[in-house]
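According to TrEMBL, the transmembrane segment annotation covers B:20-40, B:47-64, B:70-88, B:100-120, B:140-164, B:196-216, B:231-259, B:271-290.
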Amino acid sequence: MSTILKVDDLVKNFGGLTAVSDVSMTLNDDELVALIGPNGAGKTTLFNLLTGVITPSSGAISFRGPKGTVTLNGKKAYQIANLGLARTFQNIRLFKDLTVLDNVLVAMTSQYKEGLLSTLFRLPSYYKKEAKIAKEATELLAIFDLQESVDVLAKNLPYGIQRRLEIVRALAMKPQILFLDEPAAGMNPEETADLTRLIKKVQREFHITVVLIEHDMSLVMNLAERIYVLDHGAMLAQGTPTEIKQNPAVIKAYLGEEVS
Amino acid sequence: MEASTLQTFFQQLINGLSLGSIYALLALGYTMVYGIIKLINFAHGDIYMLGAFWGYYVINFWHFNFLFALLSAMLVGAVAGVIIEYFAYRPLRHAPRITALITAIGVSFLLENGMSYLYGSTPRDFPQIIEPVNYHVFGVLISNIQILILVTACLLMVILQVIIKKTKMGKAMRAVSVDPDAAELVGINLNRTISFTFALGSSMAGAAGVLIGLYYNSIDPLMGMTPGIKAFVAAVVGGIGSVPGASIGGFLIGLLETLVQSVGLSAYKDAAVYFVLIVILLVLPAGIFGKNIKEKV
Amino acid sequence: MTILKANFKYNVSWLIIMVAGFYLMNTLMLMGIIDSFIENMLVVIGINIILATGLNLVIGFAGQFSLGHAGFMAIGAYATAIITTNSATAGGFYTSIVVGVIIAIIAAIIVGVPTLRLRGDYLAIATMGAAEIIRIIINNLQITNGPSGMFNIPQFATWPVVYIMVCVTTILIANFVRSRAGRAIKSVREDEIAAESAGINTTNWKLAAFVFGAATAAIAGSLDASYLQTIAPTNFGIMESISILIIVVLGGVGSLTGSVVAAVVLGILDTALQNFGTLRMVIYAAALILIMIFKPTGLLGSHELSFKHLFSGTKRKGRVRS
């Protein structure tokens, strides 16, 4: 197991407020890590920093990509995404008025070229490219039982399926790390069980690192190999699920919140 | 030499402030309406035209004095604003915003061309109800009309600010502009508040119409088009939704125009206004007093 | 190969319609049913189709509210006016279109790079300002003959030329919209943050749509100058940008078919109201308000005419599998 992402002393200030202070963490190849903490602990902010949605005030993020180790500081969100860090959002952000297939195809944009002339004048090479990439996307959708819905507009999907599609869209980027921001939020127990199976499946079939923010402790304890605990913007603890369960600092932080 | 440059400067300052106060009065209406229903009320400049025409008629035919002409024009502006909102904008409150914008453009066309149809499109001389007197103060030429415009405009802006800050209706307006749904939940009557906002903003435009009639002596059905767009630019520069911003923006645009004109570049005065607009938006994307709200992820 | 064959069928259908449309119009002209008055209307409709589909690409597909379309149209118009006045040949005319497009692209990049980071109404007002600056510059140049405009521009943009240009630009825009590029710009419209996180360089794609729209506006301007033979800076003001916007919204934001339909409807309405004098604009304004109130998403919403759907029995998008 080797390190794929290394975060050193990451800080984010919003005006006078420190949302993330001196956070350091490492992610290894092919592992499932959970990021937990009370509401307002800075979990989503940390995700936003790692995926380039916001820029850190200080600190370093280095990523071991296919072309060697690169620093992610100062890179734009789309560059980070194309390097292999994909994510989902706490409040689902699908392309609502696009079809399920198009949602996935958008995420594959950087994986193929159609050429301006070929596109504008509909040369045979355009149709071949379109067919090939659509086939690839449909195959991916089929893995997650979405092949029947390719032509459905994303906004017309049921809530649980929308969450699933968002994960598929992220996977379509062929990421090395997948960040899932509260994937079980708003789900009923049955849907949560489905989701747990789904995340396991993703890990098993795609061999990628998965990081998830989650409040559902049964899901976290069930899935995570390692857990990071964030509180008031600082890293409170880290360890295996068993270690975290017995950590007094963690119990204190969660008291009156959600006792697992 | 030194003294004359200073004189020219003050002369332009006076001219710029007079023009700017008209823009400011108009900008207030744009900013209030935009603040509350996020609509660029394209017809606002035409309410100013209506105010000017009303002033023209009541002074010529009913022999109103300045104060009554001004107050009745404000009333007419307010009524026109409320009627327009009721018939054209209210049915579209939940429609795509661009639809409401096109409707506003349609209302503007209707007022401009309706007035042209009814009264002809040739410019008319606005009755000189107040005998123009020019004062020379340290070599700077100031007319009593300029003073009147400035004082009236500033007075109206202060009154407006008091209404918004101190009255119950003003509080309701501010609440609706922050969150209409929440405002409704705490018992604010949405329709009445929006009507009131239109009435208030449109009355300012009506007043501006009479004042500009006095200042430029000439009115016509299309007179609202260009000042309307300039005033909207002023509102954006000041930070749309902000009442002090609209006033500052109005004066700024007025001063800028006179400044560019005074250095002999009058052909480029509009270009200068738009250039400053773009630069300000690039530095302050929500204008001078606007709050830049970042999307939460 | 079957994919090619299926698509061949759709493409041939479109081609037949376009050629048939041309021959129908041509025959009616030869028979004298379409007189020069109606021909003039058809040309104006054609130019408006080019302008509206181009603006719809920017507003409806990329989701960027631009109010500066007339500025780019002015660039094309003046390029053609200046070049064909000096070299009154067909070669000169087509060169002038290319020159207009190139200058419009450069202008769109200069305007777009700083302003496209603005959102919504702020972008609209900034692009409107930029277009006004272009117009005011033209108004003050020697080569453009200042405020009085240019006259006696040689007429190369005859009805067939305009018809072919309408077909070509519409095909190019439709093909752009339904491709990798189209999906990317639509994702920007839907959700900029999600698009960035899906690896889309939103800045570049917004600019691509904006530049493409500007290029087609320049073509429309070239045709306009060459057909009308007279242009002046006042023709390319804010009101022109607004009237293009009206076509887009009336037809349906995000529907190219809608833009075509709205351009035709408004063109016919405009011609039918010719005899009403001043009342014409009053009726037009009232019609606009009523259509918007009773059909807020425009005549066609976001629907498109598609042979693919016609042939496969109009598959409705709504089936949900859970």
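Cβ coordinates are placed from backbone N, Cα and C, and glycine is handled just like the others.
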Maximum Cβ pairs under 8 Å to the transmembrane segment (B:47-64) - stretch from the list B:70-88, B:140-164, B:196-216, B:231-259: B:196-216
Criterion met for the transmembrane segment (B:140-164) and the transmembrane segment (B:20-40) (at least three Cβ pairs under 8 Å): yes
Recorded stretch that, among B:100-120, B:196-216, B:271-290, has the most CB pairs under 8 Å to the transmembrane segment (B:231-259): B:271-290
Non-local residues, at least 6 beyond the ends, that sit with Cβ under 8 Å of the transmembrane segment (B:271-290): 230, 233, 236-242, 244-245, 248-249, 253, 256-257, 260, 265
